[in-house]
Every structure is written in structure tokens, then in C-alpha cells.
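Undergrad: Per TrEMBL, signal peptide is recorded for 1-18. Here TrEMBL flags 28-47, 59-78, 138-163, 227-245, 251-271, 283-302 as transmembrane segment.
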């Protein structure tokens with residue numbers, strides 16, 4: 001019975017999409033990559049090494065994408081266009097930034113708001129000999145922060161949410177500080193100064209999208225049925241729209257920051273009831289996480305790697 005349902009489902013999809021769901025098509029490649037990344041992530045999570053913490057599933061997801069892209073027989077079947085790959089990764093970015101914004105603690109963020117900025121300013125002053133009294137020092141500090149703070153929220157945020165749930169560092173605001181700093185630094189690192197330029201040139205867009213966080217506090221109203229589902233749908237939909245819409249509006253990069261601020265403001269308004277929304281957003285992340293890391297792994301091509309460069313990078317990683 002299950003085989004018949006699967007065959008019927010494939011037939012319906014094939015009749016609609018044609019060659020897209022056959023080997024070499026985008027849909028076939030995405031589904032195969034998703035399946036392999038999920039399986040590889042589960043297998044890596046089962047590996048136990050004595051005296052070491054469990055291996056993160058994302059390593060298996062990266063490896064799955066890497067293998068599918070570099071095995072000669074398989075890579076012809078897994079052919080995902082750059083447009084599809086970029087769109088899926090952008091959706092994953094919107095989901096993880098939404099999750100990060102919901103996980104922020106307003107009190108801890110208010111208490112630690114100057115920690116990251118002051119640390120970068122001090123390091124810039126002593127290491128780069130930047131005079132903090134000059135007007136242009138802010139640009140040099142921003143550039144230094146971009147180079148210094150390129151961390152992945154897809155790696156940092158889930159770990160910090162686990163620690164926050166278990167109560168580690170909550171009183172000191174450590175998970176909130178790392179999620180806020182890591183998410184914002186990653187936005188800067190991905191888009192560089194294009195983010196700052198987009199915010200500066202598109203202030204109306206930034207404030208328009210961020211104001212949706214206040215809107216989500218009151219809409220939908222608390223007396224409606226399926227309130228949590230509606231809130232989650234609106235939040236994720238607005239997050240994805242902010243990421244893609246900012247690019248369409250000519251301000252690429254500002255959408256990620258809008259998503260982070262919007263979800264944070266909405267979470268503050270929902271107070272204790274935001275936990276259920278976080279669970280639904282977590283389910284969405286469980287779907288896009290293997291896609292994100294699988295697609296990142298598929299970007300690595302063995303033929304384009306220089307052996308000398310690989311050796312140098314390996315030595316740097318070991319030294320760190």
C-alpha cells in the first residue's frame with residue numbers, strides 16, 4: 001500500500017513537473033540530497049568517541065553533499081541549479097535568524113548590549129592602532145568586526161538554545177549574547193559593507209519590515225483559534241519575504257537584520273507563550289538544516305582544490 005501511494009505521488013509530480021523530478025532535474029536532486037543528508041546526520045550523531053562530545057550531525061550533512069557532488073556516477077543525477085540552491089539557502093538563513101530572534105532574552109540583551117561593541121573597539125585600538133577619536137574610526141572598526149566575527153548562526157544558535165533550555169549561563173545572559181552577536185556578525189560577514197549600505201540607503205525598508213514585529217504582537221488576536229499556527233506561519237512567511245524582498249527592493253543584506261529584529265520584537269510581545277512558536281520554527285529548521293549543510297557540502301569540488309592550499313588550510317586548522 002505504501003509503495004502504491006509513493007508511486008502515485010511520484011506519478012502526479014512527474015505529470016506536473018516533467019523532467020524536473022527525474023534524475024538530473026532540480027526536484028530529484030533536492031529530494032535525494034535531503035534524504036542522504038538526513039541519513040548521514042543521523043549516523044554521525046550515533047558515533048561515540050570516548051572522552052569527546054558527540055559528533056554534530058551537520059558534519060554528516062556536509063559530507064553527504066560533498067560525496068553526492070564529487071562521485072562521478074552520482075553527480076550527473078544530482079544536478080541542482082545555482083538559483084535553486086541559493087534560494088533554499090536563503091530560506092534556511094531566514095528560518096535560523098527567526099529562531100535566533102525568538103531565543104533572545106530582552107533583559108540580558110539590554111544588560112550586555114555594549115559588551116560586543118566595546119570589545120571590538122578596544123581590539124581595533126590596540127591591534128590596528130585605530131584612533132577612536134577620529135570620525136572615520138567607525139568604518140575601520142566595522143570592517144575589523146566583519147573579519148573577526150564571521151561565525152555561522154546555523155552552528156551557534158541550535159547549541160546556544162540547548163544550553164539556554166538546560167539553564168546554563170542564563171542568569172549571565174551568555175546564550176543571548178552569543179546568539180545576538182553571532183547572528184549579526186554573520187549578516188555583516190555574508191554581505192560585508194553591502195548590509196550597512198542597504199540599511200543606510202533603504203532605511204524605509206528596514207523600518208517597514210522591522211515594524212512587523214510590533215504588528216505580530218497584536219495580530220492575530222489572542223481569541224482566535226489555532227493561534228500558534230497562525231503566528232508561526234506569519235512569522236516565517238514575513239521572514240522569508242524580508243530576505244527575498246530586500247534583494248528585490250535593491251537593499252540586499254538588510255533582510256537578514258530585519259528578520260532578526262522582527263522575530264525578537266514579536267517574541268517580546270508574546271512573552272511566555274512564544275515557546276510553542278519556537279517549537280514550530282524548530283521543526284522548520286529540522287527540514288532546512290540538512291538542505292543547508294548538504295548544499296554547502298555540494299559547493300566543494302575536488303577538481304578545483306589546490307593540494308598546496310588544502311595542506312596549508314589543514315595546518316592552520318590543526319594550529320587553532
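Glycine is treated like the rest: Cβ placed from N, Cα and C.
A TrEMBL annotation is a machine prediction, not a hand-curated record.
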Undergrad: Mind checking which residues reach the transmembrane segment (283-302)? Cβ under 8 Å, same chain, six or more beyond either end.
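TA: Hits for the transmembrane segment (283-302): 30, 33-34, 36-38, 41, 58, 61-70, 78, 80, 85, 88-89, 91-93, 95-96, 99, 154, 158, 236.
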Undergrad: Is the transmembrane segment (28-47) packed against any residues at least 6 beyond its ends, judged by a Cβ distance under 8 Å, and which are they?
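TA: Those are 20-22, 54-61, 63-65, 67-68, 77-80, 84, 88, 289-291, 293-295, 298, in sequence order.
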Undergrad: Checking distant contacts: for the transmembrane segment (59-78), what same-chain residues at least six beyond its ends satisfy Cβ-Cβ under 8 A?
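TA: Beyond its ends, the transmembrane segment (59-78) has Cβ neighbours at 23-24, 28-29, 32-33, 36-45, 289-290, 292-302.
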